[in-house]
Amino acid sequence: LFDGIYPFYPQQRKAFVFDVSTIIVIVVFLTFACSFLLIIPGIRGRSRLYWTFRVLLSLFMGAVIVAVQFTADWETGWVKANTSYKSFSRALVNADIGLHVGLAGVNVTLMGNPVNQINETINYNEHFAWSFDADYDHSYSEGLERGLPSPILYVAEKFTTQSPCSMHRQYRISGHYASATLWVAFCTWLISNILFSMPVLVYGGYMLLVTGAFVIFSLLSFSTVRNSPVCPIQFGTAILRTGYGGSFWLTLAIGVLCFVAGMAVVTLHYFNLDLLKTFFDLHEDKAEEYQEMTEVHVSSHFVNKGL
């Protein structure tokens with residue numbers, strides 16, 4: 001120990017918006033998109049535009065449905081406060097404290113104003129997971145042993161199982177249900193793409209509506225934590241307040257987009273089927289067929305023989 005602090009320990013920090021899993025998902029879907037763009041020149045006529053719009057829009061929906069499960073900004077909050085930096089020390093620092101809640105855990109950030117204060121660099125970002133294969137209390141205990149700053153431990157303590165706030169149970173259960181519902185939405189998204197590749201377009205539209213419904217259900221599941229009383233996270237006179245983050249609103253936009261696309265397909269099926277078939281490249285254009293058969297060569301030998 002050096003002055004009561006562990007001077008050397010592995011830093012297990014994690015970005016509060018993007019992590020390795022999110023980057024992998026984005027790279028996979030970008031690979032599919034780039035592969036499609038390589039073959040798109042082989043599609044003739046207006047169908048090229050229709051195919052590009054359909055495929056890129058569908059890939060965007062699937063990428064968001066999967067990626068938001070690994071992001072940590074479903075609920076975010078920041079506060080600027082003068083707070084103690086270490087336990088058993090009267091030294092105060094001016095810092096921005098952030099809380100970022102995801103479906104699988106929380107990120108607590110601490111950024112000094114300025115970053116260098118009391119001869120130290122104050123720039124922390126710690127992740128505490130509560131997924132099925134993770135032990136939140138154990139992660140918190142490791143943070144205590146590593147000597148994390150007091151503001152991070154104070155915020156993280158609110159989500160422990162022993163905390164009287166019961167925030168761990170509320171957020172963990174709602175996050176698990178939201179994640180499970182999003183995986184079901186991803187499965188229905190796959191089924192809708194399979195149906196769109198066959199001449200049963202209206203059923204693909206129905207599955208898009210089901211996908212949008214499950215996405216909205218996941219948002220409702222996560223938003224249930226806002227209906228229960230939450231313990232205040234207070235630093236002196238400043239209170240850390242949270243609100244819905246970017247991942248929540250992006251998921252809402254994808255749910256609405258699935259509803260709009262599904263309703264458009266179903267409406268066109270019943271009121272303008274020809275336009276729907278043309279958009280999905282299932283409509284046979286007779287004009288093009290006639291245009292391809294502009295010249296007919298008949299052998300005079302076979303004509304005379306037949307006569």
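Any Cβ shown, glycine's included, is placed from N, Cα and C.
TrEMBL: automatically predicted annotations, no manual curation.
As recorded in TrEMBL:
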- 20-39: transmembrane segment (TRANSMEM)
- 51-71: transmembrane segment (TRANSMEM)
- 91-110: transmembrane segment (TRANSMEM)
- 177-196: transmembrane segment (TRANSMEM)
- 202-225: transmembrane segment (TRANSMEM)
- 246-271: transmembrane segment (TRANSMEM)
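Tertiary neighbourhood of the transmembrane segment (202-225): same-chain residues 61, 65, 74-75, 103, 170-171, 174-175, 177-179, 181-182, 184-185, 188-189, 191-193, 195-196, 244, 248, 251-252, 254-259, 261-266, 269, selected by CB-CB distance under 8 Å and a gap of 6+ residues from either end.
Nonlocal intrachain contacts for the transmembrane segment (246-271), taken as residues 6+ away from its ends with a CB within less than 8 angstroms of a stretch CB, comprise 17, 57, 61, 64-65, 68, 71, 73-76, 102, 182, 189, 201-202, 204-209, 211-213, 215-216, 218-219, 222, 279.
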